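See structure below.
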């Protein structure tokens, strides 16, 4: 007989024919896998040779191997030439610092040598068996022929060579023994499968004892080899892992093959989570190749394509192919139970037709195929989650890198995802392209878009692998059963696809709309929360809440459309099997005239249900992919935005290197804040522009930039840093290199880098010490000197935890002066040779300013450093400068030496300036004093406290027990029932839930009724001998969200059509079809009603919960915002609220549906087979046990994942706010690494949460397989005594029951995880609230306050009950319209007094009265609406000049322009309507944007100078014309000339004025001065009176400022004018 020419039939009775066993299983298959192995090894060898050559050519290929830890050098460049200028600054080069220390841990496998030795012996045993078979006579007994023996010998000699090679080269690191191990392991397992067929044949049909013994020996040896392979880790070699601190490395690389397949390596984390609440330290590190820095490095090596989507697919193609392979295995074996149960039931029906051992074979295969299917499902979904975390790391990493290289400012906000096709046909769309995404949109990209993209990519295998395989198999089986009638049903399915596609496309559009509205809401919320202080001061909470709610209403409207579409789609999902069945049976019975007996009817129903799942997955995945495409496009659009030209502008040219000192300045420079295209296109631009700059700053000396408010001083610094758009000329500044690449000069100890102190201090949410060090090495002496130079010692003594105090986000817990001095200290402590200071003296007291100038700016720490200082304090700073530049409206009005500039009079006629220049005194100190003297820090104590101790405002030392920002809390245990109650009550009242339960019940009854009616119809054709009723208990499309959609188990009945007792003509087919259609219609209507009701409740809950959260947060006390980072609050408003909107209701709906299904199945099976109740209870208990283990761990991991999102958001927000400072310092790399570290901290609990999910899934599937197996055993054992129909029903429902119990456990767990978002929101619903806005019975008169008399009576208050008072026994009276200045040193209580007046602090003792009314007894709105505060930090909103001055349209244009004139923002003109006629497009200079009230104001007012922002805030306050105004250093950033004019305006106001002042000349003309010290009133009188007292604190402060004579003269003048009045 020739090879592979076996006679038919190949299956003879109970086994394959001998020819098939020999030629196929013993020759062809073993030799084929050996051939494939050889080809793969050859391919791998060639690939490695080519890779080595490529690497030698300069391209470094990253190794990704579990046993190789990430090396301390990663990819340092991008492959794209156009990104070369960013490569140095944004590379992922890892610099190991002391804080990043780690140790390498080597883990050797147990029995490393012993197992290999045992393996060699077993292989030699196999070789010996085949040699024995070749002995003459032995093969005759086996009757297999020599070919099989020679083939086996060749195969095992090859395996022996591979194993021996592994053994020899096991210690050679360059040899890829892990690949050889993989080859041998898979050869063992495949040979095990091949040997089972001859082994079974030897057991049931032995030819001879010798042959039987040899086959059993082969089986034993191969079993031993498979056991060794399965119990060994991949490669069976030592694994080297990095151990960072206490964090345990991942156990996945150490896991055996068996453990990887069954997820047993997750056991310990599940077990630990069951017995204790998991913390982040308990969560293992990620595998080496899952760490964000490695992922991003390998991604950047992938050659870019035109589209981001294709680029991502290309990068992840290997993982997607492996995932698809597992999916095909799972999809194929999912049909095995259908076919096996069918033949088992055939055996039960007629045991004589099938051999007994074959029935047992099928029962065993029932278990084996279910296990294989479970492994395929687990691995495909697990690989999906690995893709998910890597994809998230890529997207967040790329978005973050882009944020670090985007332009510092742009003209307009760009809405991501908006249709850009509607541009002007004339090509005028260029300027629109220059817009940038706002911060809210960028945070959304990271928070929501990255999540959506990574989530859907975890399930892409359903689309391109599962659906095609399942459709092909199901269609084939359907055709075998129904013939051409099945084509009708399939045709109906195909016709439904366009509807599904339309729904999918609508989903995509609605999702885009939801994302856009969500962006807008989060942006608005973010801006409101950033500016919450000013909103509270002006009592604007309700009004701004309405603004947010308007955005929320638009979002809910889009969400409503989504839910309506969802309800239609779900109804179509429920209706499709009914429609398909109706038409298929109509054709089968009426057209073909065939009899519809039960086996055909129920088998066809089952297969249609099976086919419906992949088709619905197709539509569902198309929907999700289209939604994801929206997010990918948004990310891609952001990544393509215009980038900074900083590195290009500052890149030195060869000719720049001439001379001893580097050039610092401009040459014919013209810069703008607008886009280059808009300026070039029209010759002018509406954005502020610096023109014709020719400036050379003096290296190593102090250089001053001066000029009036809004003249472009800050812009000049930004231009010097390369942050503005360069239109013409050149800019020179050493600082184009990353800080980490620079070398310290041995002569000066400095590096050629820049340190920048912004006008609005930028601090990170960390300790004061960390902000000052800014990742520089700690030098105790230098650190101490910096604290002294910046006058920070006294502040550290006052703060609770000294320099370990957390400053809060944006330094919110510190005063303006403290923030500015910390920012200055950071620049001073750095080793940068070039220091750029933007008005750093404005926020501090005059005496502190003098100290800082002498000991910091002109002190020994500034030796050899070039300092460029923007300042208004020209009298103090200009005389000591080497070069002075005076700006006016974007041009250099004057520059040169201090003498020349002062003599020109351009800086004014100040007597101080003239005296300073005529009596120059060198203030360069050779040494730093040991501490700040008492006249600066004003500490009464003479002893020197070490920095390690802290003191309160009263000088009493305390322990460092608290920090500024509280850690985010994590709930423990199961979700509190109060959380459920909150959400359920938000959805609707009790009658709503009665209606929901009624709909669920009716739907379940309708589902059962359809199947019962089909059964009744089939009965009409005669006695139903065998039928299996397979009901549809599949879940709705939301199962895809969890990634756990499974194929319904299908039981086919015998397909033998028995003779019928009735002919088709005897049965009223139309009657049964009509009733079936009516039942189906009622079922569809109930399903639609149920979806609509639940989703209506979900929308209601979304609205109520958002409104409650917004109200609770906006009414929270100031302390809440001081101690809670903004990112943490935004986390609630973004990701948590998105879960409430889009995840809670669908998952809860699925869970209730599953539970109702389980109840229905239990009732049905119990009615048919009452004995099932016992195994049902047992299985339920088993599932509950597995579920309880899983839920404890998964709940904690989900909470940890939620908590770890906040630092990621917060870090993102901080970076966006301080990107100019980060780039100035050249510190982008460190921030990129910090971002990647936070991504890892977020991915860790997320990834292991899904590993636990797979742990659960496999065990539940395994339990289900056991149920199927034992049910099959029961059926086979009872063959002949049990009716096949009842047996089939029992078995089918048992398996369906198992599947649905899994859904209940899984979805309940998902529901708990989603309710974690509700739980986190509930936490913020319970934050401590301020006093009521209005107390009806205590309302003041409508005209209150009429006079403006303010009185403090024995007032005492404190920030927290555990802290000492900040104001103690404060008593003073202000008469109506009196002007009072509040002065005092740092920590004296000035800001606390302001907070007390606005009841941001509540009285502990005493009271404050305004016009005789105790402000502590009235509502906050009544108080804050009637008095006004102008804060030190100016607060503006995105919008226009008008919307910032008059947010709610109360005032006329005339009133607004009058106020703008009073604050010097527009010139005095006779007609206030002039803005409507003035030429706004003049090219001679920058136009005054305040002449047009519709001029845009960027986010946080970033397109205005700090001084302009302060003036706008001042104008906003003056518009209200209140009787009581409090100024908190409101003119600190304004030039002295403008300030003097404004002070004159303020003195003319018909209001009581309270001014907290740093500039003493601003209050010297006031009626009274109140001197505070340590929270107590020390002095209170007219300034002139206090100056006459030799030992008064006020006189001492005037002396320290160096302006005593001038101030005395001014005070005397004011005193004289007062006497005249």
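The backbone N, Cα and C atoms fix where each Cβ goes, glycine too.
Unlike curated entries, TrEMBL annotations are predicted automatically.
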Transmembrane segment per TrEMBL - which of 1144-1166, 1167-1189, 1190-1212, 1213-1235: 1144-1166
Of the residue ranges 515-538, 539-562, 563-586, the one that TrEMBL records as transmembrane segment: 563-586
Residues flagged as transmembrane segment in TrEMBL, choosing from 268-293, 294-319, 320-345: 320-345
357-382, 383-408 - the one TrEMBL records as transmembrane segment: 357-382
Per TrEMBL record, range annotated transmembrane segment [choices 72-94, 210-232, 233-255]: 210-232
Given ranges 436-455, 456-475, 596-615, the stretch to which TrEMBL attaches the annotation transmembrane segment: 456-475
Contacting positions for the transmembrane segment (990-1014) when only residues 6+ beyond its ends and CB under 8 Å are counted: 578, 581, 601-602, 605, 984, 1029, 1031-1033, 1072, 1075-1076, 1079-1080, 1082-1083, 1086-1087, 1089-1090, 1093-1094, 1097, 1152-1153, 1156-1157, 1159-1160, 1164
Integer average pLDDT (0 to 100) for the domain 'ABC transporter' (664-914): 86
Within-chain partners of the transmembrane segment (1069-1089) [C-beta distance under 8 Å, separation at least 6 from its ends]: 567-568, 570-571, 574-575, 578-579, 581-582, 585-586, 589-590, 999, 1002-1003, 1006-1007, 1009-1010, 1013-1014, 1016-1017, 1020
